[in-house]
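> This is the structure, below, for whatever I ask next.
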Amino acid sequence: MTGGGKSGGKASSGKNAQSRSSKAGLAFPVGRVHRLLRKGNYAQRVGAGAPVYLAAVLEYLAAEILELAGNAARDNKKTRIIPRHLQLAIRNDEELNKLLGHVTIAQGGVLPNIHQNLLPKKTGTKPGKNASQEL
């Protein structure tokens, strides 16, 4: 009787399988990003750190956009994020607007903007200095 362990004849190191996403502390799938980088013919070879870095960047961008869109939804007294909230979040943020400047968001609408020349002119007379109040 050789190898009298409880492993059932299978040599195991005692560690459970851990995904690369959980090792990196990410929610985005590192394995899927790696597969897409390989299948996309971007390069002949893909390093081990490249999909981790790319997944982290994508997760950060998604979190940033969703944070701003959630704030826009809350400002409009809504509990559900709609494309209009995404549009407002992206267009009101300078860096995201620069990154996604040529992106069209379906059902996003436009930013409310009225040109200064079209606004009614304010009269500059102050009360107490009218000519009708002479003695």
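Placed from the backbone N, Cα and C atoms, the Cβ positions cover glycine too.
Per Swiss-Prot, the feature N6-acetyllysine maps to K6, K10; the stated evidence is similarity to another entry. Sequence annotations record features per position, and here Swiss-Prot assigns N5-methylglutamine to Q107 based on similarity to another entry. According to Swiss-Prot, the feature phosphoserine maps to S132, an assignment based on similarity to another entry. Summarising the annotation, Swiss-Prot assigns region 'Disordered' to 1-24. For K121, the entry in Swiss-Prot reads site 'Not ubiquitinated', with the evidence type a curator's inference.
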> Could you state the whole-number distance in Å separating the C-alpha atoms of K121 (site 'Not ubiquitinated') and Q107 (N5-methylglutamine)?
34
> Using a 10 Å radius around its CB, how many other CB atoms surround Q107 (N5-methylglutamine)?
9
> Just how many other Cβ atoms lie inside 10 Å of the Cβ on K121 (site 'Not ubiquitinated')?
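Other Cβ atoms within 10 Å of K121 (site 'Not ubiquitinated'): 6.
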